[in-house]
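A short write-up of the structure that comes next.
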Amino acid sequence: MAPMSLPLSSLLNHWHSLQRANMFCFALQGLRHRALRSPLWKRNFGAGSYGVGQLLSHQPTGRKYAASVCSSSSDGQDMTERLWSVYNETKKQTKDLIPVISANSVNPDTIFANNEMSLRDIEIYGFDYDYTLAFYSSHLHTLIFNIARDILITNHRYPEGLRKYEYIPNFAVRGLHYDVQKALLMKIDAFHYIQLGTVYRGLHPVSDEEVIAMYEGSHVPLEIMSDFYGKSSHGHTMKQFMDIFSLPEMTLLSCVNDFFMRHNIDYEPVHLYKDVKEAIRDVHVKGIMYRAVEADIGKYICYGEQSHAVLKKLSEQGKKMFLITNSPFDFVDRGMNYIVGKDWRDLFDVVIVQADKPSFFNDRRKPFRRVTDRGALLWDRIHRLEKGQIYKQGNLYEFLRLTGWRGSKVLYFGDHIYSDLADLTLKHGWRTGAIIPELRKEIKIMNTEQYVHMMTWLQALTGLIEQMQVHRDPASQAVVGEWIKEREAMRPQTKDIFNAQFGSLFRTYHNPTYFSRRLSRFADIYMASISCLLDYDFQHTFFPRRTPLQHESPFWPEHSPFLSFGTARHVMHCTLMF
């Protein structure tokens, strides 16, 4: 049964509470476009007494209605009391509905849709390996950090004092940008604006004033943003860290910067970045990480039985499957033996290792090479891709020619938005699924009563400010000014609840992050892990929620209580939209 589905009896039991929550959601959205016409407004401004549901039937313009409030009294003290009365009643109604909204939380195992897609149309399933079929414990990030740190000291002659630094598991989040020339790590939103309060030099935050001075504001021009694949090249001074393996790299960059600043060592940030990048690359390319994981695979790989269950389910349904990974065969073979068993290759129609993505999707020149069980490369020309064999390198154009697997009947899963998914959806029309392990943790936080209360009130307060800012008398402006201060004080809390330094992977204070923007563009669906597929049958269609554009009415028919009862997702989305 899909996570969003409930038995009919359960749906009926929850209908009344969800109806109230939906109506309140509409009310909060309506604050952006209409004056509030809830009981609190009518009670305080002499318009009678109505229920929250009647918000839906009143649509006066906010400015005219707010002006009528202002003209109802010329006494500043009386106006102040009226505004605070509105504030207090709004806050009370918000608090009363928190239990209703909290009781209808989002299931972390849900598969979320950016684009409508039906599994009945999917005949072929493709997978990346790392962080798609193989999930790693936190020990792996510590391992990568320690090895790269020691490479800097041994091979690049960095100070011995760096050995005192240990990996900090909760310092960075995926999707951050790094200004190579200024040695600054930061979070940028979908509109290229830096989220102030999330800029770090080393392990310490940079003041908003200094950030604004350095960038002449908080906007990052397109010409210095990272390139299409998130890299800092061809004049781009920003690097975006998009894969999960980049977390130890960001932490190491910050630690080395911190060491140099603490010891007043003059250094060139560009050289530091390149040295750290090379050290991290050596951990992978020279096989140091692979050998360490293979030596103690149970310590590093987790949730293997879930990936095995997904592959088995697909095989039983007669689906074709393939694997395209940048990892070497020995490493993949050892991991898949642990996850599935020695016969793991029998599940896949095609297995490609060391593919060199994203070049694999664009470079037509590299031919496939067959790899023996012992890792030896054969010289024969590849005329077909055979089940049970292992192939190295190659390119997608040759893959398409040899398999005929084209278009929307193919669904490919990966964790890297750029290297795994972007070219497939833009150039080849494959359907794409992003694996975002951070989702599970963030959804659990969003499901807490603390977060729901904070975000619901923040949205309601924002609506009050937007509507009542038209009052220009000093008394009203003083009240609205207090509300603005409260809102500004609350917003950092919405960041810190996810990560004290950088906040949520998906949002700045209210805008989507740059990472979210790319996710919504390049992934048809996204989920916390591949195991989420176990909750859906192969006739299931994933529908994106039609959230209204800024100029559209928020009261869509599909959002009516009758059509959305039992699906908490809409209520949570409305409530948590900030």
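Just so it is clear, glycine is given a Cβ too, placed from its N, Cα and C backbone atoms.
Some features that TrEMBL has for this protein:
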ACT_SITE  D128  active site, nucleophile
BINDING   D128, D415  Mg(2+) binding site
ACT_SITE  D130  active site, proton donor
BINDING   D130  GMP binding site
Report, in whole Å, the straight Cα-to-Cα distance of D128 (active site, nucleophile) from D415 (Mg(2+) binding site).
8
Residue with minimal Cβ packing [other Cβ atoms within 10 Å] among the active-site residues D128, D130:
D130
What is the Cβ neighbour count of D415 (Mg(2+) binding site) at a 10 Å cut-off, with all protein chains included?
24
